[in-house]
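Asks: I have a structure I would like to understand better, so I am pasting it below and will then ask my questions one at a time.
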Amino acid sequence: MTAPVSETATQALQEDAPIEKPPRGAPWWANQRIGLLVLVVLLGVLFGILRPAFYNQQLVIFPLLRDIAMFTVVGLAQLCVLSIGHMNLAVGRMAAFSMMLTGISYDLFHLTLYSGLLVGLVAGTAIGALAGWVIARTGVNSFVVTLALDFLLLGLIPLVYTGLTDNAAFVTKPPGMRELRNYSLADVCVGNVCGSPAVPQLALFAVVAMAVVGWIYARTRLGRELLMTGSSVKAAELSGIPTARRVITAHAMSGCLAALAGFMLAVSTGSIKATIGEEFMLPSFLGPILGGTLLAGGFVSIWGTLIGTALTSVIRKGLDLLGVGLESLNIYLGLILLVALSTDRVRTVLSERQEVRRQ
Amino acid sequence: MKRFARSTEMTLLVIGIVFFIGLVIASGGDLLAANSLRVLLQFLAVPILIGLAQMVVLAVGQLNLAVGAIGGFAAAAMGVLMADHGVSVPLALLIGFLLAGIVGLLNGVLVVLTRINGFIVTLATMTILLGVQYRLVGTRTVDAYPQGLKTFGAAALFGVIPWIFVVALIVAGLLAVMLKRTVPGRQLLASGGNPIAARLSGISNDRSVIVAHTLSGAILGVAAILTVASSPGVNKSIGGDWLLPSFAAPIIGGALLTGGSAVVLGTVLAAFIVRFVDTARAEFSLEPSWVNFVVGAVVLGSVVLGQVRTRRQERRSVVKSPDVAVAGGVS
Amino acid sequence: MTLFQASEIVKVFPGVRALDGVTLSLEAGSVHALLGENGAGKSTLIKVVTGLYRPDGGRLLLDGREVSFGSPHESASAGIGVVHQERNLIPGFTVGENIMLQKLPTSRGLIDRAAIRSEALRWLAELELDIDPDQPVTELSVAQAQLVEIAKALSVESRVLLLDEPTASITPNEAALLFRVVEKLKDDGRAVLFVSHKLEEVFQICDTVTVLRDGASVLSGGALSELTRDQVVDLMVGRVHEALNLPDRTVDTSVAPILELRGVGTATGHSEVDLTVRPGEIVGLYGLVGAGRSELAKALLGLDRITAGEVLVRGQAVKIRTVRDALRNHKIGYVTENRKEEGVFLEQSVARNIAVTIWDRLRKFLGYVPAKSETEMVKSYVEQLGIRIASPSQHAGTLSGGNQQKVSLAKWLAAQTEILIIDEPTVGIDVRTKDAFHTLIWDLAANGLAILLITSDLPEMITLADRVVVMRDHRIQGELPNTHDYDQMSQQVIRLIHATPSTLGAA
């Protein structure tokens, strides 16, 4: 493949100007994700010293990992829309909506566990795509559209539940749901070697989600085009990227992941009810933002989302074991969010001061 | 006058009046009874205030996710001070009001100092305050505060217009005067409308942001007072359902998320309409969920219409609002 | 009498001396031009004078007294009014409020609307403008908005007025009105600083000139009457600018046009646009800013509706709906004039910036894009276009304007387009790189690319184009074969632009 640039032109274009070097990258210790990882490990050790029960595989590690897995998927759901510079305030309600349809499929159509999951994923994708379509079509801010959608679903879901169930929860549980809740890798054996009993099988869903989302953003055209759209919609449009379609794709991905997270929550709590996803909004932003994903779009970090989520979950669990009331944990989570982002901001300002800037 | 006739406020006013007449007819005139009117207005006071609290930060191009948390926290603080510590009513209310204002101030200062997106800052303060509110009241319902306050909360002018509604209207009036007729108010709107131009005109955008967040906190302080006065007690769930309505009212009222619009009247009218939806729901004995459903639909409908309108205007005008839709129609 | 003087101003940014001993003095009752190429330090100087930047050396003197400005507000209160390049009106406010924004009159704590109205009227009257102070600024035309800004600048009782590129986005008629206002300000004894790229205007209305080059003043306060246009250009460029020597290139006129517009009308207001471009041909589309040239290009790409006529690509009538369609099915590319917002992704790597158009081609199963083929492609263009970067993963935002423009162009070359619409390719690019771009564009055409060149830079047009099509008010005024003779061509083009439709037949 050769370009139609001849040597004369190439020669004319060569400049004697010095190479424009990018500002030096921050040293490894200033890397946000590594800093967070170190923090997670340190906190894990600290809690372990204060409360040896922190290392109890069945009572602490197992549910902790299950939480991390679920909230990572929630974070990824938000990450998909953050990548194009949008937000999804309805992330929790999309999960509830999808699980409602999953519940109906179990209750009325007696589907198997995984066919029901599939129904949920399709529903989540559809409702996400709907949000994306409205945004792309009207040009209204994603914040407002997903907020309004949240309202709509908040109204719709209880109506359906009261219409179809007695106690605002679907009671039919497909076979395998209860088992999935408690299965760990110890139940997966290759010959005589079995996995750790501390790792829940549910975590595999998060691993798959991370792998797929990671692959999309790092290796495929779609992921790159999403990031370019996030960087500059105008430039993306003028570079031949179908930005309207990308907006819909991003929101559809978000809805699909929200549905998956809803399923994981339903499995781990053992019930499909209207309130699923109510507590998703804050963690959905915490994980990606702490992990370095930009609110403005154009950059995502899948590992960062995992580490950010792990940090908040470890703190939650650790403080819980230390006897801090569950609801007051919020105080610490909020403070961490502020401190983490402020220090990050301070770092940026410091490096900007050093940076050579032309005016 | 011609401009007003085409404005969002006018549309809302017409819709509101038609809606109200419809409700009156549907209720067979019962709605006009003093008691029904009083109840209608009683539950309007707080929604008006939380809508205004959000509107004032939207005006400067920010948003406040902590509206419910600030209100709930302030209400909890007032309740606990009066019930557990025997602080006198006026002092407790004053402290609660000041606390709300201070949290708003802190929000503003944090946004300005850290340059972190206001969304994240208020998300963080929301989380913190939810924890604090729980610490204060736990699972209790604090209601052992002087009867006088509750009497005020239930009292009504001529038996029809609740005093707490009057208070909300006074706050709305003061806010309107401040935004339209005072220098800090105009500066706040200038910062929201075109920050660069504002800066070049010697206006401190940082100060505008701080003023807006502080005002938001203070309005929520008033909302907290009215809540404490009019509800049977204070618990951890107060403020929990404020966030969505706080956005609904200004957005339906015509506020731009990008800043620069002061829609006090629009916000108040939108709060009325939302209240009518609720009244209609009760009238036809429908599920409470219908209200959220309808409000969601109305919010979506009004922003879509608003967008169409701005686009049409932009074709004609050169002084654009900063949120120009691009070819792909993506915001 | 010298009203204002900036003497030996130094402004240092980390690693760069943006201003290195600049002297500028403004006389009462005189219009002074500030000239210099992009990057010469004009905007930095203005920011120093208006208090946005603090100088690191030198002095500012107002009426002979040393002053220092900590903020735009301080400089305004000292009597220095500015009209900035960007429109700086508050959308939701009235004309009156915008004019008086810097010191809103109050009475008893409230804003005094009557006072706003009367004060604003006074300044509008000063400029002989018939605009209602109670009108919202959203209802003004571009030129009216500009004049309102001048009124606003005057409202601080300014005796020194800085006009930064005031004619960049207004029509010649509107500019004439502006110049009358400037004349009036001058007669009133004010000192006016006029910053412009358009030398014709500078020679028309300015008395004296300061020329900046590389952050220093190479001419400070010279009388324009004693200078020729060429001398001024030489001062700006810093060397005697030689005409670019390009090899011969002929267009095979027997080949059918690859792009043809027949009586095209668009939703943005074009009508009856006829235009043809052949392979290997550079067709220049000339016109003033606002004539509708970029809008035509965008309509061609499907970004705006085509309402009449037909577009033929390779002889086939086509309906292009999206840029992707234009690129994929018709091999049409568009290098935008708005580099920073539409051309490059500032926060993304150079590699991705160049590869954005070819992912579609490189992708394998499930949209997988192999990193290797992408890197190779990018590398080849980085080398061929001489893009100076440390690594392809460097963010495009860290590059200079010239290198960014190369990146913006590279993606269309990588996409193997056959029709390239190039919009204002050398705006904000230094003279040396400009020549290189001209060579490149010339060369691309020689290799068979069909190029539609949109530019407001007449010398650029006359250097490159084979034919010049002149557009005005969204219509084609006429077409001229290019003789590459500057004096002759520029006269013809200018005459064509200002021809009334009835005299068009004679052109």
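Residue numbers in this text run from 1 along the chain shown.
Just so you know, glycine gets a Cβ as well, placed from its N, Cα and C.
TrEMBL lists these features:
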TRANSMEM  A:34-56  transmembrane segment
TRANSMEM  A:68-91  transmembrane segment
TRANSMEM  A:111-136  transmembrane segment
TRANSMEM  A:143-164  transmembrane segment
TRANSMEM  A:198-218  transmembrane segment
TRANSMEM  A:285-307  transmembrane segment
TRANSMEM  A:319-341  transmembrane segment
Asks: Could you pull out which residues elsewhere in the chain have a CB under 8 Å from any CB of the transmembrane segment (A:285-307), counting only those six or more residues past its ends?
Replies: 32-33, 36-37, 40, 68, 71-72, 74-76, 78-79, 82-86, 206, 210, 213-214, 217, 227-231, 333, 336-337, 340-341
Asks: Report, as numbers and ranges, which residues of the same chain sit near the transmembrane segment (A:34-56): CB under 8 Å and 6 or more residues beyond its ends.
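Replies: Tertiary neighbours of the transmembrane segment (A:34-56) are 28, 290-291, 304, 307-308, 310-311, 314-315, 317-318, 321-322, 340.
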Asks: Taking the transmembrane segment (A:143-164) as the reference, which of A:68-91, A:198-218, A:319-341 gives the largest number of Cβ pairs under 8 angstroms?
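Replies: Of the candidates A:68-91, A:198-218, A:319-341, A:68-91 scores highest.
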Asks: Take the transmembrane segment (A:68-91) and find every residue of the same chain, 6 or more past its ends, with a Cβ under 8 Å from one of its Cβ atoms.
Replies: 128, 131, 135, 142-143, 146-147, 149-150, 153, 200, 202-203, 205-207, 209-210, 213, 217, 223, 226-227, 229-230, 233, 246-247, 250-251, 253-258, 260-261, 264-265, 268, 277, 280-281, 283-288, 291, 293-300, 302, 305-306, 308-310, 312-313
